[in-house]
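> According to TrEMBL, the protein carries these features:
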- ASP250: active site, proton acceptor (ACT_SITE)
- GLY88, GLY90, ARG91, LYS111, ASP123, GLY124, ARG174, ARG181, ASP260: ATP binding site (BINDING)
- ASN251, ASP260: Mg(2+) binding site (BINDING)
Amino acid sequence: MSASPFRFDNTYARLPGFSAPWSPASVPAPDLLYFNRALALELGLDPDVLDGPDGAAIFAGNRVPEGAEPLAQAYAGHQFGGFSPQLGDGRALLLGEVIDPSGARRDLMLKGSGRTPFSRRGDGKAAVGPMLREVLIGEAMHALGLPTTRALAVAATGETVHRERPLPGAVLTRVAASHLRVGTFELFGARGDTDRVRQLADYAIARHDPDLAGTSDRALGLLRRVAQRQAALVAGWMNVGFIHGVMNTDNVTISGETIDYGPCAFLEAYDPDAVFSSIDHGGRYAYRNQPPVTRWNLARLAETLLPLIAAEDSKEAMSEAIRQATGVIDAFPEWYEDALLTGQRAKLGLHGGDDATDRALAGDWLALLHDHRVDFTLGWRRLADAAGGNEGPLRTLFSNPQAPDAWLTRWRTRAGGEGDAAADWSERAERMRRVNPAVIPRNHRVEEALAAASDHGDLGPFRRLLAAVQRPYDETPEQAEYLTPARAEVTACYRTFCGT
Ligand code: AMP
Ligand code: MG
């Protein structure tokens, strides 16, 4: 084995005052439950070196690989609207950064690796089920084409962690474009530490928007880029029916990747008011609230950047900075609506056209799904089949099979304007099947897979579900069982949990 399986090139550790150097806790019995060979190859790592006992020791936190400089990152955040001035990695450690063969820099982070200076009352640990959930949902999101952090490995620790009941412990190794959050900016912004906000902004720019480096209006440019990435991300969530569940500003990335798969869930019967998180009593993070909440979160980022956006330290310059930053925040809804419409058009099998007409067509389709409590994923997927000439499966999703008639006529007229021959419709159906997934990680299947792994040490259901969600657009016989929604009563009672 070479000296280190990773060629670390750490930059965050070089930023003084942003983190605390710390070591992972050692654990009694590392056992690799999951290793993502495809991701390892993408990162330029040797999967054969890591997919075994050496990998288990590293991914459980027992062996710090050469070149790693483990540290806990400091951050703050607005949680359900209230500001927490000091959060930080309470159970995670950034091991270091690696450069993949394409030249992209990625963070490797352990999650569940023990207490840190930011743990507050937490135990610093994580359980097998929630860490395997990060694998399933992250890989599903990746396969659906959404920017996301991904799991490289999950190692069981041989420890028991104490939640509502005793659970087997595990450590996740998470890969991210970076772990910079809106909350990282807020930590220093709230302290009035403009030098650190500037350092952080320049660091973020170097990692995510290097073309802005050195420009005089780069802080405003960074805000705009983050807002545009978040607009695209949240539109992507809405178009696959994903509910993040805990969109606190410490869970909003600067990179535009989805992070922290805790209380997340996928819609089944379409209901824009859907909320699954057990602690989200007010529905702050309900499905339909995700775009406005993102705008709210971006406004918190904007506030931290104001002293940088202002050309000088004067009242006039600050007013101008507020005007400019507000311009970006006010532009967010339009960026979001554009990204949403682009996605919806593809889902409807349409190319460009009149925006208002297509928005209304998509909106009325969703209203139809809502009125008839149609499964969001299957509704869209069966529309693709209808494009291919097979309307029966779509109609059976409605209690009254004639219910979609009027809407289907409108859609056929609109789509037919872009080509109405049989060949055009079969090409359209194919195109629609490449953007309307058949398989998503359905909540009841995720729970079933995690329970088998956590309660019985049986990884079979997890592995089969993972294989299915990694091919979301395929509808092979092996996939068939993963298409079925839970019974409505099961979905109605489904609750998700934070801090697991
Ligand atoms: P989350 O809601 O999972 O994004 O976590 C919010 C904050 O709580 C972060 O600062 C986490 O590091 C911290 N936290 C969550 N679970 C634990 C735990 N078991 N031990 C210590 N800190 C935790
Ligand atoms: Mg978090």
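Quick reminder: no glycine exception, Cβ is built from N, Cα and C everywhere.
All TrEMBL annotations are machine predictions without curation.
Keep in mind it's a predicted model, so treat the numbers as computed, not measured.
Could you place these features in context, so I can see how deep they sit and what lies close by?
A simple way to gauge crowding: the CB of ASP250 (active site, proton acceptor) has 24 other CB atoms within 10 angstroms, across all the protein chains here.
Of all Cβ atoms in the shown protein chains, 23 besides its own fall within 10 Å of the Cβ of GLY88 (ATP binding site). DSSP assigns GLY88 (ATP binding site) to coil, not to a helix or a strand.
In the three-state DSSP classification, ASP260 (ATP binding site) falls within coil.
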> Just report the maximum Cα pair distance in Å for the recorded ATP binders GLY88, GLY90, ARG91, LYS111, ASP123, GLY124, ARG174, ARG181, ASP260, no decimals.
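Overall maximum Cα spacing for these binding residues reaches 23 Å.
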> I need the CA-to-CA distance for GLY88 (ATP binding site) versus ASN251 (Mg(2+) binding site), whole Å please.
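Rounded to a whole number, the Cα-Cα distance is 11 Å.
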> Taking only the recorded positions GLY88, ARG91, ARG174, ASP250, ASN251, ASP260, which have a CB closer than 6 angstroms to any atom that belongs to ligand 2?
ASP250, ASN251, ASP260
> Looking at the binding-site residues ARG91, ASP123, ARG174, ASP260, which has the shortest Cα distance to ASP250 (active site, proton acceptor)?
ASP260
